[in-house]
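I have placed the structure first, in the form of structure tokens, so that the comments after it can refer back to it.
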Amino acid sequence: MLAVRSLQHLSTVVLITAYGLVLVWYTVFGASPLHRCIYAVRPTGTNNDTALVWMKMNQTLLFLGAPTHPPNGGWRNHAHISYANLIAGRVVPFQVPPDAMNRRIMNVHEAVNCLETLWYTRVRLVVVGWFLYLAFVALHQRRCMFGVVSPAHKMVAPATYLLNYAGRIVSSVFLQYPYTKITRLLCELSVQRQNLVQLFETDPVTFLYHRPAIGVIVGCELIVRFVAVGLIVGTAFISRGACAITYPLFLTITTWCFVSTIGLTELYCILRRGPAPKNADKAAAPGRSKGLSGVCGRCCSIILSGIAVRLCYIAVVAGVVLVALHYEQEIQRRLFDV
């Protein structure tokens, strides 16, 4: 059973889960029926060498040319949805439309279901990244409990291992006899691990040279973590191609908000060192600032932190204003287009 004990890892798991749920909601419920597919069209009356134009369904235009048989010998997954709104060309009563209607009638040559593309690319990558990150959390927790961890205060006591607790409960309740073999084994493991951690912190290069298996385990853990985060962040950089005309602006903004938050959270978790234990050796810092210097130091830290918070607030507001100005026409078109 996996229990995410670290608040930092739990926040990342929650963000990835929320991001995946937003994508699933948009794919299943959020997309408008008229904005699910794109069509490669050519106006009626133009030459065959005229370049095809990709566009989404427009109720002011007439789309002709639904195929009577599946393209390329078979329907793609969910491709029939794209052709359901088209009108077969033979149903139109006139063969050559008037010139005034040439630009209102479009011959469809290909259709693509953009929700299918979204489902099989972004949603799948998010799901794979979610499972990989859970695998990283499991590996990290096992290493903190049984392996070499630096700094030493990040170690978790092996006595809290679930199998040890379950064995003690079963032996005391059902067997009416104390079972301590696993506890003694874990205590011996804890002593040996503390010695290994001291050797690692003293000379990590020599330690890993003589014990390459530990380096391989730590390397696999880091690779799984970076691959998981890379898949999540990579969903924002996937080329949308012609389907970009169907995806709403809020989906792009939501994607970048989640991706940037997840990336910054992971970067903060990597760079931030955990708090030192309460019973740490106080001899390492004999000179504690007191008096006027201590007061000045605390005041300076408070002032600098306040300035940093205000700068972040100004940066966020400026970013929102720049995005609004850049997408002003697009926002107006999506708000008032019928």
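Each Cβ is built from the backbone N, Cα and C atoms, and glycine gets one as well.
Bear in mind that the values here come from a model prediction, so they are computed numbers and not experimental data.
Per Swiss-Prot, the topological domain holding SER239 carries the same name as the one holding VAL323, which places both on one side of the membrane. Other Cβ atoms within 10 Å of the Cβ of ASN58 (N-linked glycosylation site) number 14 in total over all chains. When secondary structure is read from DSSP and collapsed to three states, ASN58 (N-linked glycosylation site) falls in the coil class.
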